4 protein chains.
Amino acid sequence: MDSKEKRRGILERLNAGEVVVGDGGYVMQLERRGYVKAGHWTPEAAVEHPEAVRQLHREFLRAGANVIQTFTFYCSEDKLEISGNVTNITGAQINEAACDLAREVANEGDALVAGCVSKTPCYVKSHSETEVKAIFKKQMDDFLKKDIDFFIVEFVDHVEEAVWAVEVLKTSGKPVGATLCISPHGDMHGVPPGQCAVRLVKAGADIVGVNCHLDPLTCVQTVKLMKAGLEKAGLKAHLMIQPLGFHTPERNIGGYTSLPEYPFALETRAITRWDIHKYAREAYNAGIRYIGGCCGFEPYHIRAIAEEVAAERGFLPPASEKHGLWGAALEMHTKPWVRARARREYWENLLPASGRPKCPSMATPADDYEKQLETKIQM
Amino acid sequence: MDSKEKRRGILERLNAGEVVVGDGGYVMQLERRGYVKAGHWTPEAAVEHPEAVRQLHREFLRAGANVIQTFTFYCSEDKLEISGNVTNITGAQINEAACDLAREVANEGDALVAGCVSKTPCYVKSHSETEVKAIFKKQMDDFLKKDIDFFIVEFVDHVEEAVWAVEVLKTSGKPVGATLCISPHGDMHGVPPGQCAVRLVKAGADIVGVNCHLDPLTCVQTVKLMKAGLEKAGLKAHLMIQPLGFHTPERNIGGYTSLPEYPFALETRAITRWDIHKYAREAYNAGIRYIGGCCGFEPYHIRAIAEEVAAERGFLPPASEKHGLWGAALEMHTKPWVRARARREYWENLLPASGRPKCPSMATPADDYEKQLETKIQM
Amino acid sequence: MDSKEKRRGILERLNAGEVVVGDGGYVMQLERRGYVKAGHWTPEAAVEHPEAVRQLHREFLRAGANVIQTFTFYCSEDKLEISGNVTNITGAQINEAACDLAREVANEGDALVAGCVSKTPCYVKSHSETEVKAIFKKQMDDFLKKDIDFFIVEFVDHVEEAVWAVEVLKTSGKPVGATLCISPHGDMHGVPPGQCAVRLVKAGADIVGVNCHLDPLTCVQTVKLMKAGLEKAGLKAHLMIQPLGFHTPERNIGGYTSLPEYPFALETRAITRWDIHKYAREAYNAGIRYIGGCCGFEPYHIRAIAEEVAAERGFLPPASEKHGLWGAALEMHTKPWVRARARREYWENLLPASGRPKCPSMATPADDYEKQLETKIQM
Amino acid sequence: MDSKEKRRGILERLNAGEVVVGDGGYVMQLERRGYVKAGHWTPEAAVEHPEAVRQLHREFLRAGANVIQTFTFYCSEDKLEISGNVTNITGAQINEAACDLAREVANEGDALVAGCVSKTPCYVKSHSETEVKAIFKKQMDDFLKKDIDFFIVEFVDHVEEAVWAVEVLKTSGKPVGATLCISPHGDMHGVPPGQCAVRLVKAGADIVGVNCHLDPLTCVQTVKLMKAGLEKAGLKAHLMIQPLGFHTPERNIGGYTSLPEYPFALETRAITRWDIHKYAREAYNAGIRYIGGCCGFEPYHIRAIAEEVAAERGFLPPASEKHGLWGAALEMHTKPWVRARARREYWENLLPASGRPKCPSMATPADDYEKQLETKIQM
């Protein structure tokens, strides 16, 4: 049996009104597991340590993910070269190995494989459409040698670059999703979310949304603005969201990379599985049907999405066999006060203590975005 | 070549004054990865999903661990039966599979395998020395069918039960380490740490210390009290520590299981790698030479221990190839303010924000330990 | 010598570019001293306990205030009647006694007396221009029997009502200042600050600005928006500010009355004298020349304004004889670490701990303003 | 009628089992009002600005105080000289003026006057019993020229100095109360609270307890330890407490003078009236019958003590005519959500937000007391 023929494509699923659960974040989680170098954030582990990448793919699949993204973040030739982290492995090797790993694990379940491209250093440096498109083309060609189902453009903070990527990837004939890492205040050139969405859809994107940089509820707000923009323009597209798995109440334009805790002290800000339930419901209510996560989303966060939308999907993910819904399995605990936590109200209403009485609760972003923001509000 | 003959034992290493790096926590991390059920906390994944356990062992090894503990937490027959989580797998099967997995990975490096036993429900229920010892004997016999290097008794909160375990395990002729999950205020019967240590050493423990329940610096304090007790009694033993990877400023007797965030909202309290540097140094300065972690310790925390004591050990762990010391690799980052974080002072002095302005920083433990504590102080 | 003839009026001072220091908050401070009833907030103490009102006036004068406001908050006949707190004293009696007290103390220094009116229940209830204006007219007539220098309309959250008050008070021929208790998002009908300012100036206000409801830096932002509105309209007016003396990082439209701590647990949010230095400088830099405070501003906060603008004014206030600038007098302290605090950098950079580890740092306003705000941002 | 003859003395009241409400803090409150210089903390305002001192006395009386303490803090000759703050006024002048002011206001109600002495620089400098006692004798002689009812020794952190003061003051034949500013860990020489109490009672103190330095609940704990010490020694004395009005969760030995916020940024830590209710009840339940406050206690805090023990005393204080019990007067408020706060449960359960998301909740005391403490715990 050819798994490919059997698979229902991403658009078939979304067009049918299904909820598609995305996977979580790779680079940050693999950094913690010892396979990715922070600062570089390149995915050479796909070649060097395939067992580690495979296992993380598997955990996301088991948690309920319908899509396995290729572990190809920052895997454009220009980025790899600048980074200098990988000297004996080519981008093509990584891209191809990553496709194979994603495919192998996706086939262990009912998942699709998305070939992923992200922003290129070339864009900011050269601002040349030709050069940037050539880079995306090269990466696409690597993917097309392998068996992938659709493309995702992600972690791009200038809509113009994302538009270029979409234009390239659409030449493949495969569906394309595009997510910007922007705040409700718009992209790095100040283009508001609604307008960004319009430009992406006009460029051919089938699915649009945001990923990374800001916390789940902020990202839902941004996607809502995108949706409103599309409606105003009389356009239609599927919506997707893969937010940051850390609380960013500062809601600054640059997001978590501007916060003092980035990237090695973000533990404090990590979202809980209960935060995820709220997020998944908000996203669903906003009409978003492709719901996943980015940096900070571990397997149990993806499982929490799948559990929140279990009624809509009609099933629980495999990993829920090791998870009592809303803490139900705590009924087995030896301490009576822990047993008393085996219920939804407890976890929904808990305000978790930071455990750090000498630390603040919000930070000053290390850039001048706050001032920029104030200026915008004053206008 | 027989790897067993080549290996230098735990006591050889400690007697030579070497720093032994322990591994991190299994059940909590595998819960997040989707393989352990909270509330039960039993290790059937060793049989059901060996690839997941193997991968986590590998990550700890790669992070610098000198010891791989068997994934046999709560794997006594009485606990498995009460838990009811595992119906078609016996404790013996798990224990044996866990030994094989630990051995397989340990042999990929220079690590030892420790067979681990933890507290039994039987102790509190029956308080029968005969019954409890029979349970430990059965688990020991499973281990002795396999190739393990020494034993660890861990997560026991009554010193009496730990003494019984030590007495059983010493009959194997192998070295035994014993760690209690107690606070500086003593065990659950009020036996102070110094006296606990004396009783464990008199029972035959070669290494004594604490694990789990409270945060690293609190645990260092408890081990210091143990050391002082041993010195006062004219006894000698190696010291070990495998603390909780969450901040517990409440320092309540029962530790994290009594905090409102246990077990599903502890993210906020997670220690950073920089907290680990301070901890590892404090532990080393206190004369502790077996330094590891328990619940909440992920591979990057173990790597941080290995990096902090790299000078003393004379080498960095394999996973440091993906980690710039003290954030050095951030020099590659595109944002200037992130590049400015590529230095030790930055991370040592950072007070990370919680990102949760509507949450408190300390909690009220959900038991009456605070009152107990106050009573003790008043005495 | 007639003090009246000697006095330079408010407009003379402002026209000359002088900084006018306002006084602080009366009702909240007198509530704490035992003379005002929270919930009612009416000023019958002017008749019942003149010594208490006189003393607080004196403290503000001594702290550097150039204006003593009559203690006539909520002293319209309709408010007194609804409140029901005062049965045997008429509004006229209070207004007149308050004028005498303010005059008496103002004459002890070089201060002016401002007759103050605030929002009326009648406005929201009847929305009748005739009725509301009659109420303001009655209160004005009380004031005009006494020796006051100018009028202040304050604590009005609908610009329309403030316009009506200004129109009435301008018939006296005396200068009129008008401050709204609004956020940067505008008045309760959604009229933005810039437009509010334009309407007030067109109605005849000589000085416009904001008072109460939100913290100092937020109020500075609102006045900046007013200034921008006036400039855009080609209008000119003096700017004044008398913000809330409590931190309100929530910046919700309704301000502190919507916060859970209002009115009996606001201690935690109280601004320090060092917060005031920043505020006074920001206000000055924004072109505001009438700088005072409202609820939460105690005498030492007013002194801090006067000290911050001492160079501009050319003198320190009398109460500075009991205050070492920037903590200088701590050089006398017995503890060396306290002596080390006798310097500006220490206090400017201090992040004061709340002393409440079980409390949050921000609250959820008890109304639906947050949602309103989000809706506005989404537009 | 001679008011003196009519008055029932402090011991008559306490012997009869009555609750005696103390007054609040003078120096910190008058610093904020502009009459005391921080760092010096001397009470020359009694001569320079009697109206300010008189008004604060009155507010405490009106709030329910049964005792008016003379405003004579740090008014020993040696302290005044070292301070250098007062050049043209003698200590005797201040002491006498302060007695007159206290008497004048006390006679406006049913209050007693307590002549107060505090620790002398001489003690630490000379450690000479003769010299220190001479200083106390001189101050006592000033008081005895005036009409005072009893003496209070307060703010002494070495029990030995307090014992000397008691021995001197007992020669007057008047009752003597003695309060140390110590933590549950004992005085500055390490004498534990129980032993301190025993020494003070043996020296002749009729009433013993603690004042200042630490927050109310911590001070209650210290007085409990004193009580236990007295009981163990078979001694009897009345207990009194006048704690700090700021939260000090650090519970460090030196108290608030060692915290970074001392003395100019303590606002954040200020106790609410609802904190006072809990404190007054705890103090009462611990058998303490003289219940007042020290630095940080404003008139409304004293009123809250009087309201909490109103049932026991049989009456409310005069200032309660301007205070709805437990917020009852909020029923008059215009906003429905504020009206909903007119009830006890609301205020008892409120966790007030700090309003400072960039600040911590606990601080590191600026001394080495924490280390001292840890050392003690380890013993």
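Note: Cβ is positioned from N, Cα and C throughout, glycine not excepted.
Copied over from TrEMBL, here are the features:
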DOMAIN    A:8-309  domain 'Hcy-binding'
BINDING   A:Cys212, A:Cys294, A:Cys295  Zn(2+) binding site
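Proximity to chain B, taken as a Cβ less than 8 Å from one of its Cβ atoms, holds for none of the binding-site residues A:Cys212, A:Cys294, A:Cys295. Within 8 A of the CB centroid of the Zn(2+) site residues A:Cys212, A:Cys294, A:Cys295, the other residues of that chain are A:Gly25, A:Met28, A:Phe155, A:Cys181, A:Asn211, A:His213, A:Gln242, A:Pro243, A:Leu244, A:Gly245, A:Gly293, A:Gly296, A:Phe297. Sequence-distant contacts of A:Cys212 (Zn(2+) binding site), defined by Cβ-Cβ distance under 8 angstroms and a gap of at least six in the same chain, are A:Glu154, A:Phe155, A:Cys181, A:Gln242, A:Pro243, A:Leu244, A:Gly255, A:Tyr256, A:Cys294, A:Cys295. Around the Cβ of A:Cys294 (Zn(2+) binding site), 31 further Cβ atoms fall within 10 Å across all displayed protein chains. Averaged over the domain 'Hcy-binding' (A:8-309), the predicted model has a pLDDT of 96. According to its DSSP assignment, A:Cys294 (Zn(2+) binding site) is coil. There are 28 other CB atoms within 10 A of the CB of A:Cys295 (Zn(2+) binding site), with all protein chains counted.
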